[in-house]
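Take a look at the structure below.
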């Protein structure tokens with residue numbers, strides 16, 4: 001053990017640079033740390049020194065070297081950090097853990113959870129920055145002021161209304177730190193002004209911690225803006241300096257000037273290239289000022305080493321190790337991230353975090369291999385194991401090749417970049433099947449295919465890659481408790497006391513939009529005493545949207561659901577990234593949102609098996625449809641799920657036009673929608689015929705048997721047996737379809753909902769008018785799963801859910817979800833996906849494949865339209881011949897009289913009047929003018945067009961106007 005005889009002598013530490021130095025370097029011997037210790041260090045070292053003095057008095061040994069004392073202090077702080085971590089984070093229930101929690105919470109209150117982090121940060125800083133010239137006192141003082149201000153703000157916000165000294169309240173507020181300063185200021189001034197003062201103190205403490213002066217804030221803001229915009233940083237006052245723009249890669253050190261070639265980094269190592277100013281003027285970053293080593297003095301850095309060698313040494317150190325290669329978004333061309341590639345084993349293939357398996361030359365079913373963005377590969381129908389999961393497709397290799405060359409240029413210079421570019425170019429030129437024919441870069445325009453097209457051979461052989469879940473926005477963390485919840489609890493308790501109801505609030509569950517408060521009743525208290533107070537409770541909490549559950553399912557308590565003052569947005573990306581969604585590989589899984597407990601809610605459309613969605617305008621119905629469709633796009637390939645979208649509004653689902661999952665272009669005509677539903681019925685019957693022939697009860701079992709090679713076509717048949725994809729039919733507005741073709745639509749929906757579950761066909765119906773003429777009894781009886789958003793009346797709520805409750809929802813995604821098999825609906829906050837997120841996901845799948853439409857659907861629509869045009873109008877009935885004669889008489893005579901039709905056609909007055917009304921509805925004559933004859937609207941030369949229109953041979957009456965003589969002849 002290394003010790004010294006007395007505390008006045010110190011042992012010099014070894015220099016960290018034990019190897020040979022570069023030519024021209026000057027070694028500087030470390031100076032002795034004889035500076036008096038600051039006060040904060042004496043306080044921290046008081047207990048260890050007292051313990052050490054006692055040990056030395058007993059053993060008679062000398063004092064440790066100051067360097068070892070400093071190391072001992074650092075490890076003591078780390079031990080304390082571990083102990084407080086056990087008590088504050090993991091809630092160790094032992095006596096020692098309770099004592100530590102009492103100390104930490106009593107001093108810091110709620111901020112005791114950050115105490116382990118602070119202790120570890122102080123220990124880390126003492127290890128790296130100590131001794132002469134250290135700025136540790138300033139940093140520690142700044143942290144103390146920051147903690148004091150935060151604790152005071154918490155004390156004023158939570159415990160200011162409580163009088164007296166109660167340690168239990170202080171532990172759940174700001175602790176002693178906040179009480180000694182927060183309570184006096186709140187009592188002397190007010191809560192608002194006290195918080196303002198503490199905010200100012202907190203800002204000042206941040207300046208102390210970072211070592212930033214107020215005059216440096218504009219310069220720091222310019223640096224941050226330059227990094228965000230990815231532009232070179234130009235100091236204030238040097239914007240018009242011509243030398244900087246003429247030599248952007250020039251480095252000046254003393255009297256030495258060296259200009260580097262383009263592509264070689266000439267700054268201090270930052271990848272953004274924003275710190276290319278002079279070395280003497282550059283200020284350290286925020287992280288360096290907090291945790292970096294102590295900077296050298298001006299005398300030490302002038303002769304340290306030849307500064308022009310730094311970029312070359314850095315490039316040489318990266319060669320053979322790792323290099324950061326940017327990954328380019330194939331849709332926008334922007335750099336979306338960086339992946340580490342080993343330079344020594346670089347083979348020209350970019351290593352992506354979301355690998356795309358290469359198509360094997362000997363495997364014809366490689367197009368059925370599904371690539372999960374997390375790196376997991378799942379074999380699709382007929383596909384085998386992927387040999388090389390890191391090999392990208394030809395289009396991806398062509399896109400990422402430029403990124404790989406750029407990363408190699410920044411790491412190993414121009415020569416290494418040329419070699420890397422040659423390697424990636426050779427790989428990108430190879431076809432997926434090994435033919436060596438370059439595929440080029442796919443079209444990234446994002447324009448959907450306007451006409452029905454088929455997949456090309458390149459699309460069929462190219463592996464399909466699912467979009468990365470990182471395309472979807474991440475939301476804010478869920479708040480478990482806010483001051484608003486405490487105010488509501490006090491209001492509920494006061495209401496029960498005012499009406500002499502023996503009930504108390506025992507807990508609450510905070511959701512994103514509403515909070516459910518659990519109320520327990522005393523002995524002998526009826527539930528009706530609380531439910532009858534609904535209006536009084538709404539008055540007490542200042543909210544009209546109060547919903548009471550009596551009781552809460554599975555609990556002996558009454559639930560009072562009250563909207564939150566500070567609502568949270570549930571992002572679809574958070575739902576799909578949750579453990580519940582990631583652990584379920586079902587491609588038909590859809591993200592619903594969050595329940596009142598803050599848990600993520602998902603729905604498997606194959607188990608629902610059909611869904612009815614209803615809600616008033618602005619309630620969040622369209623947002624749910626977008627979330628459901630985006631979930632399908634993010635999780636399913638076109639081989640797994642095919643979509644039929646019906647959008648009578650023409651604009652709600654237009655963003656999904658051209659995606660490869662579509663079976664037909666988005667249908668906007670209600671008549672064509674009825675024909676599409678009839679096609680779905682025929683497809684369902686065909687699937688049931690296959691299931692019956694091959695002996696399966698569900699399409700899922702049939703698909704598994706096909707993938708396993710257990711199902712084969714009959715001998716002599718030319719058919720190729722392939723797995724059936726799920727078919728999802730989405731109708732955005734049910735009311736428009738029921739108005740145009742109610743009988744056909746209702747019968748088709750009835751057959752689909754009754755039989756289509758085992759065939760893999762599922763239906764989602766949405767409407768904003770949930771009346772009995774739209775959601776009929778036949779439709780509702782076969783759709784067990786319901787999702788009700790805010791409705792305008794309790795009657796509409798009963799139509800959807802068969803119970804009231806939807807009329808009390810607050811809108812904007814607040815919904816009641818009743819899945820199949822559930823006794824009572826679940827209140828959820830629907831997930832939200834923005835238009836930009838939808839556009840990114842849609843463009844990602846568009847660039848991989850073109851939609852492959854079913855031609856028989858369009859053919860059925862054309863045949864039905866032709867058949868309707870050939871059939872006589874039901875309004876005319878058997879009077880077609882008489883009507884044609886009446887039209888000929890009226891047009892040729894230019895006299896629209898009912899009495900003339902009576903005489904000429906020998907019909908009664910009632911039938912003559914009916915014929916005249918039919919001619920008026922078809923634009924032949926004008927409206928009735930009393931006893932006068934009606935005006936004839938067409939000319940005699942237009943008689944053939946009129947007769948053809950009445951027969952139904954043309955779609956419109958095209959009357960030719962008389963030609964005007966040309967002037968100027």
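The backbone N, Cα and C atoms fix where each Cβ goes, glycine too.
Within the listed segments 311-367, 368-424, 482-538, 539-595, Swiss-Prot records region 'Disordered' for the stretch 311-367. Looking up the ranges 169-189, 232-252, 253-273, 274-294 in Swiss-Prot, the one annotated as transmembrane segment turns out to be 169-189. Look at the Cβ of each of the binding-site residues 619, 622, 623 and count the other Cβ atoms within 10 Å; the largest number goes with 619. Mapped onto three states, the DSSP output places residue 621 (ATP binding site) in helix. Within 8 A of the CB centroid of the ATP site residues 618, 619, 620, 621, 622, 623, the other residues of that chain are 615, 617, 624, 789, 811, 812, 813, 830.
Sequence-distant neighbours of residue 621 (ATP binding site) (same chain, 6+ apart, CB under 8 A from its CB) are 613, 614, 615, 766, 768, 789.
The number of other Cβ atoms within 10 Å of the Cβ belonging to residue 618 (ATP binding site), over all protein chains shown, comes to 12. Counting every protein chain shown, the Cβ of residue 620 (ATP binding site) has 25 other Cβ atoms within 10 Å. Summed and averaged per residue, pLDDT over the topological domain 'Cytoplasmic' (213-969) gives 72.
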